[in-house]
Amino acid sequence: MPPSNVRALRLAPERVPAEGRAAEIVSLADWPSVEQPVVPLVPKSAPSRARRLLSVIGHNPLAVSGGAILLFVALMGLTSPLLYPGDPLAIVAEPFIWPGTDAAHPLGTDSLGRDMLAGIVHGAAVSLQVGVFATFLGLLIGVSVGAVAGYFGGWTDVVLSRVTEVFQTLPNFVMLVVVVAIAQPSIATLSVAIAIVTWPGVARLSRAEFRTLREKDFVLAARSLGFGHVRIIVSEILPSALPPIIVTASVMVASAILMESALSFMGLGDPNVVSWGSMIGAGREYLRTAWYMCALPGFAIMLTVLALNLLGDALNEILNPRRQVRR
Amino acid sequence: MTSVSRAARTAWRTGLHAVPTALGVVVLSFLLLQLAPGDAVDVLAGEAGSATAETMAEMRAHYGLDKPVGQRLVSYLADLAHGNLGFSPRYNMPVTQLIWDRLPGSLMLAGSALVLALIVGVALGVLMAAREGKATDRVLSVLSLIFYSVPAFWIGLMLIVLFSIKLGWLPSGGSQTIGSSATGIAAVLDQLRYMILPTVSLSLFYIAIYARLSRISMIEAKGQDYVRTARAKGLGETHILFRHVLRNALIPLTTVAGMHVGGMLGGSVVIETVYGWPGLGRLAYEAVMGRDFAVLLGILLFSSLLVIVANAVVDVLHGIIDPRVGGNDATK
């Protein structure tokens, strides 16, 4: 009796989440013996995967709250020009109004008399923009390098892996500071800088995926049909390599937001926009008397990043069923 | 093969592998820094406020900043081959000395944060894996996800608010009491008090990573055949947990922790800023701001070497934890 069969049987029902489970369990119970061939229990087609995604997220209260928080932050960022049409850096009231003491400024004002809530609402837009741009760029560079290295192998792989390794060896945050100091800080350069330090991780991941997938039959078939390398990489292998990359992307957005906030806190952010990190940096001097100035924007960062990580966990459960450990 | 010769082989292999990487790091950072607008003389002149064009040209010639990029790179590499990292115009001392001065502070902070993170992280992970799916597991999972999501500099500030400002238990910054004449045990205890907050703030993020990682690898290891065999032999659950499950779960953990050594030195920039801790991260930040590129290059090279060394140590550790690893080059 091949042991792999037994293992697959034992693990299989637990791997199929939520709705699909009942049907699978019934069919498993009907099986007369463990020697039966293992039917692929994880559906591969796109629509059922999407349905599974929704159903798993729906049954996971943590993922639901993560999604809700993220939706709220995104709405806040998108509607910031409507909610607070003026410049959030403008002085609107007397300084040091504590949160909850003035109905006109529910979260109070900072040391110059700028509205805290206006800053947090506008900061949401900045954080999310940097998070999304940086992740997009990082994925673009990382997946391209990883795909080429993994697909072609040989010397291409050796050279690209070495370059990746050099970038990965450089200490991330020092590198970030260097890049931002070279290019004047703006949302665009911050995103590029973050992408520069995050792509090596993506490259390693996609290299591994492409190395495995290029040996598969469907790639051989595509090759024998005379497809070009670019076509094979983009339309044949990439879709299969995507699930782990998507999971990484959600975590990358989270860490990009953290990096942006740290840079802005150090005074290396875009000076023309208000960001959560720069608000904390500005409030730092008044920690003794008005600690709410640091506490509130930091709380916003924490909630946003937490929401992204909760979603990342849920995505991991759905998209990487084999890597994920049964619950 | 004995473990000593295996360790030596690993070290040799890593050394061979490290040379091109380190060279790549130096050349890449050197060229990158050439893109930066302004140099150390600009900043120094700006701060002095009274520099003429002639004195600035003289200073550039003095520090060799007027030569073409290629020539400077070659002479930098030649100096490097002699263990000379160059001279800092800003601090007016050799870079090597600057780094040695700041190194103990950085290593102490990063080292204690890493140790704390490993101890607490693995303990939490073991606890979560043992109570898999129960309330303890869920609460701790969410808690570790929160640790993972909190910006380190922010938690640093909040700890200052609580423990320094409100409770007055711990100092809010610095590395020792200024003007303290304490020696021996008293001096060490004094320094420990200053280390608590920075260490905790730096380690929270890593505690979360290690807790999550050790939880998942322990749960994975629990389902393996050798654990079932151990149980069938009648071994006690505690013995199985520590000798069989945890030992195997330690392999991915050491890999990740090795990768963090370099990151902690660099990532402690913000923590060093929050607590005014005199370390390499802070020095790097000041070097960028002062365009003191000799210092920055030295730090980048140094922390890269540290990453390489840490990876070698991890390889050796893997050989000790799991004798099947590292026996031949094919597994690498």
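Here, residue 1 is simply the first one shown, and the rest follow in order.
Glycine too: its Cβ is placed from the backbone N, Cα and C atoms.
TrEMBL has this to say about the protein:
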- B:103-318: domain 'ABC transmembrane type-1' (DOMAIN)
- B:12-33: transmembrane segment (TRANSMEM)
- B:107-130: transmembrane segment (TRANSMEM)
- B:142-165: transmembrane segment (TRANSMEM)
- B:194-213: transmembrane segment (TRANSMEM)
- B:249-271: transmembrane segment (TRANSMEM)
- B:293-314: transmembrane segment (TRANSMEM)
Would you say the transmembrane segment (B:293-314) and the transmembrane segment (B:107-130) are in contact under the rule of three or more C-beta pairs closer than 8 Å, pairs 6 or more apart in sequence?
no
Three or more CB pairs closer than 8 Å, sequence separation of 6 or more: does that hold for the transmembrane segment (B:142-165) against the transmembrane segment (B:249-271)?
yes
Ranking B:12-33, B:194-213, B:293-314 by Cβ pairs under 8 Å to the transmembrane segment (B:249-271) puts first B:293-314
Spatial neighbours of the transmembrane segment (B:194-213) not adjacent in sequence (6+ beyond its ends, CB under 8 Å) are 108-110, 112-114, 116-118, 120-122, 124-125, 128, 140-141, 144-148, 150, 152-153, 155-156, 159-160, 163-164, 170-172, 174-177, 252-253, 256-257, 260, 264, 267-268, 271-272, 274-275, 277
